[in-house]
Amino acid sequence: MTDIPESLKPFVTKKVIHSTWAGTFLCKPQAIFQPRNVEEIQELIKQARLHGKTIMTVGSGHSPSDLTMTTEWLCNLDKFNHVLLEEPYYAPKSPTDDTPEIKFVDLTVEAGTRIFELNEYLKRNNLAIQNLGSISDQSIAGLISTGTHGSTQYHGLVSQQVVSVKFLNSAGELITCSSVDKPEYFRAILLSLGKIGIITHVTLRTCPKYTIKSKQEIINFETLLNNWDNLWLESEFIRIWWFPYTNKCVLWRANKSTDPLSDPRPSWYGTKLGRFFYESLLWVSVHLFPRLTPFVEKFVFGQQYGEVETLGKGDIAVQNSVEGLNMDCLFSQFVNEWSSPLNSGPEILTELKKIITDASQTGDFFVHAPIEVRCSNVTYSDEPFTDDKNQKSLYPSQEWLSNRSKTSAGPIPGNNLRPYLDNSPKLPYSKDGKITNDQLTLFINATMYRPFGTNVETHKWFQLFEDVMSKAGGKPHWAKNFIGLTQDEKYDKQQDLKTQLEFGGKPFYTMLGFKPVMQDWFGKDLVAFNKVRKETDPDGVFLSGKVWAERNGILLD
């Protein structure tokens, strides 16, 4: 503590280790800080600049790569987690009703607020987040900084719900940006990977509380391919879990509802005994008898879902939005997720099935299930809203809002700007609102479990998975365990590998990154991102984790 500036000691923690939630990487920063207000964050930035330190800002640590690893200063905003302002937006008064309907509420929160904390606040106030990913453990800043998404034909990245953001630059100045005010900063901060500044406040467009009515069906793999063109457009929300060794999938589709709550069917591995038994079987198949893996999947699938195709029947449930959209991610895991155009899905899945089948027959490698298959509508007009006088606005038009009810499908967006580092394919935006598969992005998530926190070999499977996705025009999710490509001659592979191993990584899940293709992938958007980065951080205070950023071509000279 002797080398910590006096002004920072009131909010330095006793914690000495930072690790990912999955336990895949860990580091020992020089100090871990938990500021409680903007002034303390400003002081942290000031002292970092004066002492030549870098700052890594972290939340829940759910990114399983070395993205957040540092040997310098680390900032956690868990104590900076208050709801500050509610701004309700009403429909016009009806001649027969003196109580106007609330269409949405813009909620301003401190950036360290965890999503589960926000969900609890919203529930108490009869509100809800419009679209969620699979978990609610992240902070609101972390949620938007890495490109989190759900699974729906109508919604894009979760950052689509963000109206405005405040952040501190390396001079400690508080900057406000939105689709109307400093839109170039807004597009950078909406997927910043922590390299633009420290987010302090987020204004999120929330909606009246709603429930989710879902139908869960068991279908054969061939049924999925045969119905591919229609499945994605039949409901507001959709998720598919593919279990390759059973040749079956779980198809989950849902819409907003006003029906009374009705619990989903009991979960076998949702019980303590079922969960422990499943993880034990995984441990045995990973470390002792890999060829048992297909039999473990078949057994667990039968216990959890049965073995009969139920297309058209299925299990019905009505849940609150959070319970309906979140899911149980089970155990510590490696996760490799890529996006591609939805229309390439059948070809991708057919090729992946052949790879998995061939590998299991030779014993070369085995995969874990499920492989998650999702979609999002990540298309943008790249323009702000306009009001009745055709002036730029943060709000959709009254005419558009007047046609919406509490159960209307799709979002009331906070913005319609594409983040510079959005790694989904650029697909055509439809101004008339009609959605087709041509506009939808496919997300495929390959998961390998780490039973009881132990490691499993991933490189063979993940490399083939990435080859297939890359060939289909895909790109990786920034926060996941992707491998990447062989680098150019300037890349010091041994030094990079050494750095990853020093952070607790293992040779069989280290990353090569995507520097060779980044400029081809992002072009002028990457240039624009770096222009903003250099303006907001000329001193390099936020270049913590620089090795990861350079490995993936995020930084331009």
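Glycine is no exception: its Cβ is also placed from the backbone N, Cα and C atoms.
What Swiss-Prot records for this protein:
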- 25-209: domain 'FAD-binding PCMH-type' (DOMAIN)
- 58-63, 144-148, Ile199, 543-546: FAD binding site (BINDING)
- His62: pros-8alpha-FAD histidine (MOD_RES)
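Here the features listed in Swiss-Prot are painted onto the structure.
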residue : record           : contacts (Cβ under 8 Å, 6+ apart)
Val58   : FAD binding site : His18, Thr68, Leu74, Cys75, Asn76, Gly142
Ser60   : FAD binding site : Trp21, Arg114, Asp137, Gln138, Ser139, Gly142
His62   : FAD binding site : Thr20, Trp21, Ala22, Ile135, Asp137, Gln138, Gly142, Ala479
Ile144  : FAD binding site : Leu157, Val158, Ser159, Val162, Val165, Leu190, Leu191, Ile199, Val202
Thr146  : FAD binding site : Ser63, Leu67, Leu191, Leu193, His477, Trp478, Ala479
Thr148  : FAD binding site : Gly133, Gln138, Leu157, Val158, Ser159, Ala479
Leu543  : FAD binding site : Thr54, Lys195, Asp537, Ala549, Leu555
Gly545  : FAD binding site : Met56, Asp66, Leu67, Thr68, Met69, Thr70, Gly194
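Per-residue pLDDT, averaged over the domain 'FAD-binding PCMH-type' (25-209), rounds to 92. For the recorded site, Ile144 (FAD binding site), the DSSP three-state label reads helix. In the three-state DSSP assignment, the secondary structure recorded for Val58 (FAD binding site) is strand.
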